Every structure is written in C-alpha cells, then in structure tokens.
Amino acid sequence: MDMFFSVLDATLRVSTPLVLAALAGLFSERSGIVDLALEGKMLAAAFAAACVAYLAQSPWAGLGAGIVAGMLVALLHGVVSISYNGNQLISAVAINMMVSGVTPVLALAWFQQGGRTPTLDDGARFTALQLPFADSIAQSALLKTILGHNVLVYIAVAVIFVVSWVVYKSRFGLRLRAVGENPHAADAAGISVKAVRYIAQLISGALCGIAGAYLVLAQTGAFIQDMTAGKGYLALAALIFGKWRPWAAVSGCLLFAFTDAIQIRLQGVALPVIGSIPDAFIQAIPYVLTVVLLAGFMGRAVAPKAIGIPFVKSR
Amino acid sequence: MSQPANLPRWAALWLMPVLNLFAALLVSGLVIALIGEDPVECLKLMINGAFGYPEGIGYTLFYTTSFIFTGLAVAAAFHAGLFNIGGEGQMYLAGLGVTLVCLQFGGLPGWLLIPLAMLAAMVFGAGWAFVPAYLQAKRGSHIVVTTIMFNFIASSLMTWLLVDKLRMEGSQTPATVEFAKSAWVPMLHELLAPLGFALPNTPLNATFFLALLALVLFYLAVWHSPQGFVTRTVGLNEKAARYAGIPVDKVIIAVMCVSGALAGLAAINELLGSTHRMNMGFTNGIGFAGIAVALMGRNHPVGILLSALLFGALTQGGLDLSFEKPVITREMIIFTQGLIILFCGALENLFQTPLSFAFKRLLKK
C-alpha cells in the first residue's frame, strides 16, 4: 500500500509541469501554430523564476517572472510565425537552442556558480500547503497524497478545468478552434486570425511559465542548465497522444509521469518472466508511444487542419 | 524558401544571408555586452582563435568537416521538402555502426576496415532515418515530430548500450575501448609529413577530403541527375509530382536514407578521425548545428561549405575565447547558432521588404 501511495504521489508531482506545458501547447496548436517551442518557453521561465525568486526571496515573485518570461518567448515565436509568416518549426528549433544557450551564460555571469543559480531557501520556494488539521492529515497516507502538495499542483488541476471550459464552451474557444481548422472561413466571418493566434501564443507562454517556474520553485530549488531535459517535447507527445483534446492530453501526461515514477522503483528489480528492464527502455516509452500513435497504429491522431501554415489573408 | 521576385538574384543569394548573419551576430554582441564584456574584443579573440595560427586553423577545419556532413544531410532532405531534425540521432546510431565494425573486425588492414566502417556508418545512419521516412511516406505521420522522438530514443538506446554493453571493462566512464590503430583515419599532419610539410598536431584528418568530395557529389546529384530532378520536383510541389507519375513515397524514403547516411559520415570524422573510441554523447549538438549550416547555406554546396566553415570557426574560436574569457562558455556558441537559425531560417523575410523597397528606388533613379 505504501508503494501505491508513493507512486501516486510521485506521479502527481512529475505530471504537474507536463500537464501545464501540454495545455499550453494545446492553445498554440489549436490556433494553428506548431509549438515545438514549449521546451524553450519552459526553460526561459525556469531561469527567470530562479533569478527573481532568489533576488526577491519570494516564490510568488518568481512565479510572476516565470510567466512573463514564458510570454516573452511565446511573443517571439508569435512575431516570427504570425507577423513574418516564418517557418514555425525552424523558429521553434531556433528558440529552443537560443534559450538553452543563453541561460547558462547569463547564470554564470550573474551568479558565478558554473551555469546554475544559487539554491533557494525554503522561504523562496513553494512547499507543501500548511493546512489546518495538519497532524491528522499526516497520519493518513491517502490524505497526505492528495493534500500534501504545493499550491502549484492545485493551480494546475484548476487550469485543466478552466482550459477545457474555455476551449469547448467559451466564445474565444470557438474562435480558437475555427482559426486552427479553417482560418480563411474564420477570417470571412470577421474573426481576426492574427489576434486569436497572438492571444493563444500568450496563453501558451503563460502556462509554460507556470510549468517552468514549478520545476525550480517546487522541485529543484535552483536553475540548472537544460533542466527541462525534453519535458517540452514530452508534453507535446502527450498532446498528440491526447489528440489535441484537454482531458485526453492530461491523461497522456499522467501516463508518462506514471512510467517515470515506476521506472525509479523498478531500477534493478527483476520482474517475473522478462527479468529486469533497463531504465533506458522505460525512459523511451513515451517517445515510442508517440511514434506508434502518430503512425496511426493506435487510433489516428489528426492534427488541427491549418497547423503550421502561415495565414495570408485572401484578397 | 521562396525567392523574393523583386530582388536581384545576387542580392537574394548573397546580401540577404550576410545581413541575416550580421543581425544574429549583433544580438550575440548585445548579450556579450550585457554580461559586461567587450563584444569587439571578443570577436577579435574568436577570429584569432579560429584563423590566427596554424593549430587553430587545423581545429577549425576539423569541426568544419563534421558540419559539412550534417549540413548536407539537412539540405538533402530540404530539397525533397522534408525537415530532418534527426541528424543528431542518426549520427549517434552511425557511431554504433562504426564501433561494432571496429570492435568486430579490428584485425583487418586499414584499407579494408575504414571503408567498411564508413559503410556501417552510412547504413546505420540511413537505417535510423528510414523508419521516420517510412512512417511519413506510408502512414502520414509528421517527419519532424518522429525524428525528434527518434533522437530521444537513440539517446536512451545508446546510453543503455554504452553503460551496460559496450563500456570498457573496469572503467567508470561510459566509453568503448580504443579502436585498433588500423581503423584510425590518417591525420593530415601525418599524411603530409613525408612530403616535407610540418603541420601542427591537430585532429584534422583525411575525412576532410571526403567531405569536399561529398559537396561536389551533392551538387551533381541534386542539379545534374534524374534523381535530383525528381527530388526537387517532390520538394517544390508534391501533388504535381504525384500527378506526373513520380513515386513520391519512394522518393521520400530514398532521400531520407541519403540524408541519414550523410549525417552518419560525420561520425567517421569524430570517431575514426579524432577520439578513436565512442564516448557517450559524442555527437555534442553537431547534428543540430547541421540545421543552421543548411539554412545559412541555402541548401547549396557552396553555401554549405562557407557556412560550415563559419560554424567551424565559431566552434574553434569560441573554445579559444572561453579560455581567455571564462565567462563566455561554449553555450554562447549554441546561443549564436540558435540566432543564426532564427534569422536565416525563420525570419528570412525580415530584410526582404525594406531591401526590395530600396532596390526599387535605386532602379527608378
């Protein structure tokens, strides 16, 4: 039973940034902009959050800085993709390289700790919520697993509900989906394609901002070079796995986080029949799953129709 | 990759890339100024590090060799309208092919072993590109996402192999044993020593000539062969190509295999030319840099040669610079590469409108 709760606990912790990033990608891709830049947005946010939280000694200031940094990177991706009709894939590859390169340089120049930022004190991090009845919660493994997280985990849960409402029930969501499926029809109906896509980019940046801030403020306590380590691509994989739908994408994130949580516990453990599985194989599961899914071997993943195509207004 | 219609050809081919490069270097310089260093002094140190002394030139050309191969790999796919981000993984897998051949047939003489290793590098690189290509051609899954996933899968696979299977006995570092001497591609200073040239000791090796040959062959294959014509037709208009009876699926698969094989040859330069063993992560971003090389070089062999030289100089000059100025680490080069990809690849229209406006006014006068 302990094993069950510890795996569940780890799954929730690992999935939080993935969920936020996958939902960020959902806005961008549903609006018709390919979002391979999730990685760069998250990494920039993590760096900004680490710097500001350290200087201001406040996790909330760090979170705010992370959101702003994520939005700025998203804006750059937006300007290239929306205003200059640039190649969105190339833009994202460029952005990821730029952020991965510039953050350790700035960290070294500003903090002289070899490309990382100073470790944050507890006061500058998000720690587990301090609830009333803390003693009785600590006694129950179930309650502890559910209630013993930091505030960002619960924000992420709220974000899932808000996003699925916005995408499917709100006026903006309808426009978002219209712009991603058929921008020319949306344009003819009087919707500004560019405005919707910019807003989607900014939302994507803000959500990636929370995700990146989470990595620093709730997990490591410092910025480390390339600390996103492919989480942006993993979130994108979850989004494809979920066929660009919020709840399905979230379940993809939970699945990937779950494989990660059991991977740590399976290290060196011999299973019946197959024996012990090398960690590398379990690490590769999400990527293999994405390839299989994209190939249509497990139900077809159909992307928004207008994805990746710059919108040029017809005259 | 649309050619601006109202710009003279020379301006579109030469002026725009130079302007884009200049913009990228300018932003780089701003960041250097931001961290309190003098950008002009840094630029001087870099140029001196890359071209200022014989040893520096040797290292610059050594890095150039790898970039030519990965740049050609990306360019080959671009000509068929495909964006191969998987060069990193293809090169990594090619390293496995090289290693297996060298460890298995270490007793063979060099004239047999080295070509065999090259063949293995090309086959393994092509094989790692084949699966994404097949899935793109037959199942319609997007090659960009699949090749990215294949980079991660390659990295996991190679970590496992290097840690658990191929690691040198009794060693902690995840690296193979040293290859037999017969597998080493001769270094340039060894080759030229009997002719009376005393070159400094650098990893620049005979693979460099292979890279130059590859550039020429690439030009002939793309612009002067039926296969090249077919490839460019698919790249320019897949539907028209299909209508004209071109087997688009086969072309996509074949071009991606060529692309993977080219990326694989970069492993020869690194493993048989320099390290003589396989280390974990030996690809070190060379595959990704190929994207920048191809975009900057406009997918043309001459452009690729020049931009590979630029990136070789950036790498070698950047390493020298980081000795002089410890604040500016090699990550600064990755940042600059990213900027070059951004300005040359995604923002290539940035200067087009003002430039064509300027040309219009000039012509009117």
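Quick reminder: no glycine exception, Cβ is built from N, Cα and C everywhere.
Sequence annotations record features per position, and here TrEMBL assigns transmembrane segment to A:12-28 (among others). Panel annotation: around the transmembrane segment (A:12-28), residues 34-35, 38, 41-42, 70, 74, 145, 149, 152-153, 156, 159-160, 163, 167, 176, 200-201, 203-208, 210-212, 214-215, 218-219, 231-232, 234-236, 238-239, 242, 244, 246, 249-250, 252-254, 256-258, 260-261 of the same chain, lying at least six beyond its termini, place a Cβ under 8 Å from a Cβ of the stretch.
What TrEMBL records for A:40-57 (among others) is transmembrane segment. Note on the transmembrane segment (A:40-57): residues 17, 21, 24, 63-70, 72-74, 77, 92, 95-96, 98-100, 103, 106-107, 110, 117-118, 120-121, 123-125, 204-205, 208-213, 215-217, 222-223, 226-228, 231-232 of its chain, located 6 or more positions outside it, place their CB under 8 angstroms from a CB of the stretch.
What TrEMBL records for A:63-82 (among others) is transmembrane segment.
Within the same chain, residues 34-37, 39-41, 43-44, 47, 51, 73, 76-77, 80-81, 117-118, 223, 225-226, 232, 308 sit at least 6 positions outside the transmembrane segment (A:89-111) and bring their C-beta atoms closer than 8 Å to a C-beta of that stretch. Here TrEMBL flags A:89-111 (among others) as transmembrane segment.
Within the chain, the transmembrane segment (A:151-168) has long-range Cβ neighbours (under 8 A, six or more residues past its boundaries) at 12-13, 16, 19-20, 23, 26-27, 30, 63, 126, 129, 176-177, 207, 210, 213-214, 217-218, 246-247, 250. As annotated by TrEMBL, transmembrane segment applies to A:151-168 (among others).
Within the same chain, residues 16-18, 20-21, 23-25, 27-28, 30-31, 33, 35, 38, 41-50, 53, 59, 62-63, 65-75, 77-78, 81-82, 120, 124-126, 152, 155-156, 159, 172, 176, 223, 227-228, 231-232, 235 sit at least 6 positions outside the transmembrane segment (A:198-217) and bring their C-beta atoms closer than 8 Å to a C-beta of that stretch. According to TrEMBL, the transmembrane segment annotation covers A:198-217 (among others).
The feature transmembrane segment is assigned by TrEMBL to A:280-303 (among others).
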